[in-house]
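Have a look at the structure below, then the notes.
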Amino acid sequence: MAMSEFESDNMKNSVIESTIPDCIKTEPCWLGIDEAGRGPVLGPMVYGICFSPLSLREKFGEMGFADSKTLTEEEREGIFERICAASDMMAWIVELLSPTFISNGMLSRSKYNLNAISHDCAIRLVQRALELGANIAEVYVDTVGDPEKYQAKLRNLFPNIQITVAKKADSLYPIVSAASICAKVCRDRALSKWQFQEKITVHEDGYGSGYPGDPKTKRFLSDSMDKVFGFPQFVRFGWSTASVMLQKSAVDVQWDDDEEEEDKDAVKLTSFFQKKGHDPMLDRHSYFKDRCLTSCESF
């Protein structure tokens, strides 16, 4: 798994792909989707897909896949090596979503919540598999949010593919379990090789699992927080765990311009770049622009 691109710039998202065997292009395949790192306050969230010919489903099931959360790191690594060794019958793709990307989305003016981020990532990965020539006939997804609504959304986007969205799909379908292992191994490796651009020193016990309830994670958050600049970009600022710590321990910021009365007679700099006769009050609000919403006169 070549992670050099993400390691060199872990503020950006990164996609890693395996080779695609010919059988995946010529035979109908099933594809599983799962994620790793949705809940942690630290590090990236990783989405993974794994796909293989339906004709090899029985052989695929004999490989002993299981939900990655029930396995140790060593067990996951061992199974992932078996996945890579079986490159003649399966392929995988993972996308690492950086904590910076997640935080920017969740804290932006037009909120980009974690469910929307997850859905869009899963859709991108299916589209990527199709672009690579994979003959995808069935897709199995571990749900995010309401499974019926998510399934309807995917079926609308991929009408020629049989879509199944289910809770605990990683324990029901081996192809989803395989995707789960690919995603979790990728996240584990990303965390173990994380390069802190802030040059901070991590405690010898590390930063734990990244989950808010982990004592090691709590200590890392406390030790790494700067009272002015907040946390390193390894931390997801959008999580309540991080925001509560900032509210309690960080320095209060007072924005002076918020208290100053605006001079109504002052000429704004932006007015020099507007067309004559332009009335800014008639401009569409950014809420509608950001969501690409247009006026509708009839249905």
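From the backbone N, Cα and C atoms, a Cβ is placed for every residue, glycine too.
If you draw a 10 Å sphere around the CB of Asp142 (divalent metal cation binding site), it holds 25 other CB atoms from the protein chains shown. Summarising the annotation, TrEMBL assigns divalent metal cation binding site to Asp34, Glu35, Asp142.
According to TrEMBL, the feature domain 'RNase H type-2' maps to 28-251.
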- Hey, of the binding-site residues listed (Asp34, Glu35), which one tops the CB count within 10 A? Asp34
- Output field, divalent metal cation shell: CB within 8 Å of site CB centroid, site Asp34, Glu35, Asp142 dropped: Ile33, Ala36, Tyr47, Gly48, Val141, Val144, Ala169, Asp170, Val176, Ala179, Ser180, Ala183
